[in-house]
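Chemist: I am attaching a structure below and will ask some questions about it afterwards.
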Amino acid sequence: DKAPLSKSLLLVPSAISILLTLLFQHYQKFFAYNLQAIKEDFQIWRFVCGRAICLDLKDTFCSSLLIYNFRIFERRYGSRKFSSFLLGAWMLSALFDLLLVEIAQYIFGITINSLPSGFLGPVFALFVPFYCSIPRVQVTQVLGHFSITNKTLVYILGLQLLTSGSYIWILALSGLISGICYNSSILKVHRILCVPSWVAKIFSWTLEPIFSSAEPTNEIRVGMGATVDIQRQQRMELLDRQIMMSQVAQMRQQRQQQGGMINWNRLFPPLRHRQNANYQDHRPSDQDTPPPTEVSEEQVARLMEMGFSRGDALEALRASNNDLNVATNFLLQH
């Protein structure tokens, strides 16, 4: 929804790539990114054909997934600004492809006659605004040290695409350089390489109705805030409420199946079973037992409004040192 250009880049090149691989293999030579033919025979049209359609299905799959994840930029900036970025990155990466090939031949003595085909330069260029403007939100941790964020999967897809061919690192490097150049306010490239307004209107009248999607009917409308940050915060708050209600419903169902009992030994093992070096299979004395934590009745009422019993709410608040957020998270997750 609201990303027709991303949808067209996802569907049309992928369909053509599949057709060339399965049915029309004898036409693949016209979409090869042959640098030797460009330099010696002046086949400039190969810049267009060779840098538009992937001839390797693995590259098609990875680049399509990356375009799907990068659709957020079209929704954020609009189709015209997003298409201007792709056009500028596409043209700049073509220039950097030739320069990097000449540099590799001059320094390392590597002669490169062809590069992997496809719309790969702009895809790698999109990693620049993705790294700079998309916030990093931690999802979980692996082994307690390695953080998994909302951006990890995109970087893994980029790494998979980077390792799919022998000389694809040239396309990746040229794409990153072109993305930095276009995204930089110092060089002012975005003012030169941009889609004119009349061209954007023509495509808006002709192609946008074909690739536009209907607004999801199951999405709850949210009041529009005054700024983009407020609108994003409203969306996050709505999502949090939906997740909480879903978890509350699941928790009620589990409690009904278990007879309304919660395994507090599993819920708070470090808080309910504290051991020390002198502990030897006997109960601590009453003098060593800490006094119970005073619980706020207001917080108990708030937990009971969410569907938890009073006993569970009291136990959770005491075990979490009267922290409402921690108690709520424990009750919802267990």
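The backbone N, Cα and C atoms fix where each Cβ goes, glycine too.
So TrEMBL lists these for the protein:
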- 6-24: transmembrane segment (TRANSMEM)
- 85-108: transmembrane segment (TRANSMEM)
- 114-132: transmembrane segment (TRANSMEM)
- 153-177: transmembrane segment (TRANSMEM)
- 277-297: region 'Disordered' (REGION)
- 294-334: domain 'UBA' (DOMAIN)
Chemist: On the 0 to 100 pLDDT scale, where does the domain 'UBA' (294-334) sit on average?
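Modeler: Average per-residue pLDDT within the domain 'UBA' (294-334): 75.
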Chemist: So, by DSSP, how many helix, strand and coil residues make up the domain 'UBA' (294-334)?
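Modeler: Each residue of the domain 'UBA' (294-334) counted once, the result is 29 helix, 0 strand, 12 coil.
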Chemist: Of the stretches 6-24, 85-108, 114-132, which racks up the most C-beta pairs under 8 Å with the transmembrane segment (153-177)?
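Modeler: Answer, by Cβ pair count: 114-132.
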Chemist: Can you tell me which parts of the same chain pack against the transmembrane segment (85-108), counting only residues 6+ beyond its ends and a CB-CB cutoff under 8 A?
Modeler: 5, 9, 35, 47, 51, 73, 77, 115, 119, 121-122, 124-126, 129, 170-171, 173-175, 177-179, 181-182, 189-190, 192-195
